[in-house]
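Novice: Relevant sequence annotations retrieved from TrEMBL are reproduced here:
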{"type": "TRANSMEM", "residues": "12-35", "note": "transmembrane segment"}
{"type": "TRANSMEM", "residues": "55-78", "note": "transmembrane segment"}
{"type": "TRANSMEM", "residues": "99-122", "note": "transmembrane segment"}
{"type": "TRANSMEM", "residues": "142-161", "note": "transmembrane segment"}
{"type": "TRANSMEM", "residues": "168-188", "note": "transmembrane segment"}
{"type": "TRANSMEM", "residues": "194-214", "note": "transmembrane segment"}
Amino acid sequence: MYAIFYKEWIKTRWYFLLAVLATLGFTGYCMLRINRVVEMKGAAHVWEVMLQRDVIFIDMLQYIPLIAGILMAIVQFVPEMQRKCLKLTLHLPYPELKMTGNMLLSGLILILVCFASNFLLMEVYLNGILAHELKNHILLTALTWYLAGISGYLLVAWICLEPAWKRRILNLIIAVLLLRIFFLSPTPEAYNKFLPYLVVYTLLTASFSWLSIVRFKAGKQD
């Protein structure tokens, strides 16, 4: 198992570092925007704008986690398919389901570390200038976007592992429709009541990759 994690780390380590720096850069920029308003008009003005206009100041982050998750899946699994490494990997004396699960888990851990660093930055900064309720208003809104990033990773992994190009196109269409669910409402905290369901929904997408592995083992290739 540790060999699998190490192999996946070797493939993704540079992208992981880039993703952490890039997402922290965007998150930091959003915090600087808030800081600029605080310096010019005071923290009370930020409170007023958030309460009266429902502004959250981090709109720029909406699609960043999704892009980060999608690129992680591409970096991790496209070389696996191009170099025909998957066939060799699946012939190792290790259960195929566990093998696939560990590959996905290694990517998920890196994605979660990346996203957690973003939340830590927002938590530390916002905790100093906003009331607990307003801080949570921002973080809970962002949580839906970060769940979309995790789901994007799992769905694109499913597409990449699919051996047939025609099926990949179908999978892509399905993935777009599934990801659209995370962005149906632009209203902050619109998904609060559904967050537990979105978490389950996101985790269920991990099972899709197993379908591609089954098709790969059955020889369903172009």
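Using the three backbone atoms N, Cα and C, a Cβ is placed for every residue, glycine included.
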Novice: Six or more residues beyond either end and a Cβ under 8 Å away: which residues meet both conditions relative to the transmembrane segment (99-122)?
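Specialist: Result: 1, 4-5, 8-9, 12, 16, 19-20, 23-24, 27-28, 30-31, 58, 61, 65, 68-69, 72-73, 76-77, 89-90, 92, 138-139, 142, 146, 149-150, 153-154, 157, 161, 206, 209-210, 213.
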Novice: If we skip the immediate neighbours and take only residues 6+ beyond the ends of the transmembrane segment (55-78), which ones have a Cβ under 8 Å from one of its Cβ atoms?
Specialist: 8, 11-12, 15-16, 19, 22-23, 26-27, 29-30, 33-34, 37, 46, 49, 103, 107, 110-111, 114-115, 118, 122, 137-138, 141-142, 145-146, 148-157, 159-161, 179, 182-183, 188
Novice: Cβ pairs under 8 Å only, please: of the recorded stretches 12-35, 142-161, 168-188, which one is richest in them relative to the transmembrane segment (194-214)?
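Specialist: Result: 142-161.
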Novice: List, by number or range, the same-chain residues at least 6 past the transmembrane segment (142-161) whose CB is under 8 A from its CB atoms?
Specialist: 58, 61-70, 72-74, 76-78, 80-81, 86, 100, 104, 107-108, 111-112, 115, 118-119, 122, 168, 171-172, 175, 178-179, 182-183, 190-191, 195, 198-199, 201-202, 205-206, 208-209, 211-213, 216
